[in-house]
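Engineer: I have a structure I would like to understand better, so I am pasting it below and will then ask my questions one at a time.
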């Protein structure tokens, strides 16, 4: 039996989330339906990251065990011919038998996109959170670096957690850019794994720093669990799962070396 890995991107606006659910349309559900139509097999796919309703992905990874004899290129072309317009397979590859999209991952990377223009862009309304007040990105960048390292991120999580709430954050930064003349603020964070709502709570609190509502000390108090009142959950539609990385690839499933059998095109980089 083969173990096929897929690199996927999707617009999360019209999904109830990435994981299969009984109450609505999920990314996993449409992927499994497309797989069955292509191969005739009913298979359960494993996704690397669980994304909430409205959250998007540029580098989600899934794996599926299969008896199909389709080539990798046929799998990519076939799935993309079946999948709806808001989901696409960017690449596929033969994975080792013990590869597991979720448990084999060693690093996940998220990006949060904020529309920081004087008026919100209609083109970004489902793909960036709008904040009208000009954000102090220098202050945000200085403060967000507090999360780098090994910490208990329970104060930034919601709901019950499985196992330890300690995570290793490898990178955190805040930058400013433009798309079509519209000012954007980008918050990038990478860690070995994330808790439920961890990134959105971090970003929502960080926005308050950028607005001048709280200072670095109060941000630190939120991280320590001493000031839950200052914690704010940012909207889902500004969040993107950008990449999932594995020890055997050295570069990550969202990088171009994995793309010979996938889709190659010029894209706007948010």
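Glycine residues also receive a Cβ, built from the backbone N, Cα and C atoms like all the rest.
Heads up, here are the entries from Swiss-Prot:
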{"type": "ACT_SITE", "residues": "52", "note": "active site, nucleophile"}
{"type": "BINDING", "residues": "110", "note": "substrate binding site"}
{"type": "REGION", "residues": "251-270", "note": "region 'Disordered'"}
Engineer: Using other CB atoms within 10 angstroms as the count, which residue among the recorded positions 52, 110 scores least?
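Structural biologist: Counting other Cβ atoms within 10 Å of each of the recorded positions 52, 110, the minimum falls on 52.
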Engineer: Taking only the Cα atoms, work out how far residue 110 (substrate binding site) lies from residue 52 (active site, nucleophile), in Å, as a whole number.
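Structural biologist: Here the two Cα atoms lie 13 Å apart.
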